[in-house]
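I have placed the structure first, in the form of structure tokens, so that the comments after it can refer back to it.
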There are 2 protein chains.
Amino acid sequence: MHGSIEEGRSGLLPPGEGEVLRLPAPLPLDCGRTLESVDVAYETYGTLNEDRSNAVLLCHPLTADQFAGRDHPVTGKPGWWSYLIGPGLPLDTDRVFVVCANVLGGCMGSTGPASLDPETGRPYGLGFPVVTISDMVRAQAALLDALGIGRLLAVVGGSMGGMQALAWAADFPERVRNAAILASAARHTPQNIAFHEVGRQAVMADPAWRGGDYAGEEPPKAGLAVARMAAHVTYLSEAALEEKFGRRFQDRASLGYGFDADFQVESYLRHQGSSFTDRFDANSYLYITRAMDYFDLGSGEALSERFSGTKTRFLLASFTSDWLYPTPESRRVVRALHGAGAAVSFVELRNDRGHDAFLIPDPAFEAVLEGFLGTAMREAGV
Amino acid sequence: MHGSIEEGRSGLLPPGEGEVLRLPAPLPLDCGRTLESVDVAYETYGTLNEDRSNAVLLCHPLTADQFAGRDHPVTGKPGWWSYLIGPGLPLDTDRVFVVCANVLGGCMGSTGPASLDPETGRPYGLGFPVVTISDMVRAQAALLDALGIGRLLAVVGGSMGGMQALAWAADFPERVRNAAILASAARHTPQNIAFHEVGRQAVMADPAWRGGDYAGEEPPKAGLAVARMAAHVTYLSEAALEEKFGRRFQDRASLGYGFDADFQVESYLRHQGSSFTDRFDANSYLYITRAMDYFDLGSGEALSERFSGTKTRFLLASFTSDWLYPTPESRRVVRALHGAGAAVSFVELRNDRGHDAFLIPDPAFEAVLEGFLGTAMREAGV
């Protein structure tokens, strides 16, 4: 069977790994339904200070999880932001207490479609309610309540994590002193939706998906791998692909005149697709992409109004070669925040890595984040 | 069974429709194999003049076919360039004789993976040799030989059709007076390859594909539909998607909180995917995308050398919003042609439709094509 399903450890989180908190109260959702029983799996880095003023919530992107600053228990690889989390690093664990929680609907221990539905005693599958970015934020807020953290020093996130950071600032303004939104947007464009829909259809086209009811059976790995491949192309820039792979061959000197992976880029993509299926649940992929597609904080004045009266200090950063959440989407947010009278820093970073730039070491990016968080720490006296 | 397989009408070409010519000699291929028996399905528009000097070869893009100027026998829809082919139109059938042939490896009557392998008496499937753009051109040249056409007034093509037009000018320079290469490139970039590989993996992930051996069975429609969806997103610009669909809902006033097509763009893509499977063969999709990925006429001086001494007059046209074959790819070709001392016109057309712009009526584009072909006709005295 794919993953472990036991009380408080749903999805693919290995037994005995990480922290999981059962929320003390039911969680109401945007769709109108309520989840009676919700687990939130999370990791922390650093120490919460006495007056609980040094907590930073780090929000993860689509296919990452709470293992941002330590080796991943499934893949064994370093945490996805481990180069930014630690003593003396931008998320300086000598000074701040970083909390990172697996999103609602995820598959690394938080309640999601692979969790047991208390009403049926079977995994939810498609019986799981469709959740939104604001629902994810509401679950995180309940986790912070349980940890005794009222106001956050900062909420930080890239891509879908940035959407959560924006939703935090909009939904809980009094709890967010600073918000860093990286390579992100205030809404999903039709092109963003289109690419996600391709991925969902790839999963659903796999007979092993069984209408989402594959618990206890072989999961729809082939469909999920195709979905991952399609998405992965959108994370990379043309320049990055050109530099990493060009038209170079894999394991041969010339064309193979067949359908094996002739080109390095093909081999790379196939590996990205197949390895993904070991650490991600297909139904979670459907639910999380759906949440992102549903995300839309509004346009123009309506977007400004979501932040009216905000005291939060904002950083928005975009990357020149990111064509998935390009700079104009960040500028839209910046304009709306200016309209709301918010304190906003905005920087477009020259970087040819594409959307994934926010996951790759880059001195200029690190300096921006360090500067923003350094000021936040000084102003809060931590 | 999917499509008809009978002598001289392989793939999905309905019985009694269109012209099919059996080549009089075997066709040698770039891979080293030889196809002993090759059919080329084609359509003509206009009349060949007495000195056979008014023939224009139109090369079709990936998923189109020879039905460029007449209603399609499978879909009933107007030909894909019907607004450009006819009396008084840029491809003026009062003056020129247009030939358009289904490419080798295709599924609309030309020999391809759905054709019968004479050695086994069964459809080739993956036993069909991997063909190249130059192989397609060689089959077209043999067709023109059989039709008694030596030198072409022009070869014209967009996207993969433009690759064929370039290969024609490189491989048979003495047979090409003019060549119009639209929204195309002299090589597939790693990003182009990556998107095609996603599509191929989607087809191959479908259990109905059966390793390519699905003749007589239900074809892998689900996988092919996903491949088409993934490709289709790359044919449209962000601006076109924004204008056509935005975040507008389909059949509802608000979010549905489910996995039905909430957004118009989802519904559109699903329709593009499913309707495609009625007119296209999954194995042909693999072979033709492979031919495109293999296409690489070289870089810099090597690319120039492919055209050294050419007398062909060239038109290169790109579209500002085409991110699949963007303007820099056309400029690469223009530079190489200049290096070869060729006569080249180049125009980048302001158009927000994306790659599909060359398939959509647009006065500026039509004027460019009409000007180029008008000069060609005058110079040839037709």
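Cβ coordinates are placed from backbone N, Cα and C, and glycine is handled just like the others.
What TrEMBL lists as active site, nucleophile is B:SER159. Per TrEMBL, the feature active site maps to B:ASP322, B:HIS355. Residues or ranges marked as substrate binding site in TrEMBL: B:ARG228, B:ASP356. The domain 'AB hydrolase-1' annotation in TrEMBL covers B:55-327.
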Open item on the list: Roughly how many Å lie between the Cα atoms of B:ASP356 (substrate binding site) and B:ASP322 (active site), rounded to a whole value?
Closed with: 8
TODO: Using DSSP reduced to three states, classify the residue listed as 'active site, nucleophile' as helix, strand or coil.
DONE: coil
Task: Neighbouring recorded positions, C-alpha within 10 angstroms of B:HIS355 (active site) - of B:SER159, B:ARG228, B:ASP322 - done: B:SER159, B:ASP322
Open item on the list: Give me the count of other Cβ atoms within 10 A of the Cβ belonging to B:ASP322 (active site).
Closed with: 28
TODO: Would you mind reading off the Cα separation of B:SER159 (active site, nucleophile) from B:ARG228 (substrate binding site), to the nearest angstrom?
DONE: 16
Task: Local backbone state of B:ASP322 (active site), from DSSP in three classes - done: coil
Open item on the list: If I restrict to non-local contacts, at least six residues apart, and a C-beta distance under 8 angstroms, what lies near B:ARG228 (substrate binding site) in its own chain?
Closed with: B:THR63, B:GLY199, B:GLN272, B:GLY273, B:PHE276, B:THR277, B:PHE280
Task: Where B:ARG228 (substrate binding site) sits in the secondary structure, as DSSP reduces it to three classes - done: helix
TODO: Could you say whether, by DSSP, B:HIS355 (active site) belongs to a helix, a strand or a coil region?
DONE: helix
TODO: Identify which of the recorded positions B:HIS355, B:ASP356 has its Cβ surrounded by the largest number of other Cβ atoms within 10 Å, counting every protein chain shown.
DONE: B:HIS355
Task: Protein Cβ atoms within 10 Å of the residue listed as 'active site, nucleophile', excluding its own - done: 27
- [ ] Summarise the model's confidence over the domain 'AB hydrolase-1' (B:55-327) as a mean pLDDT value.
- [x] 97
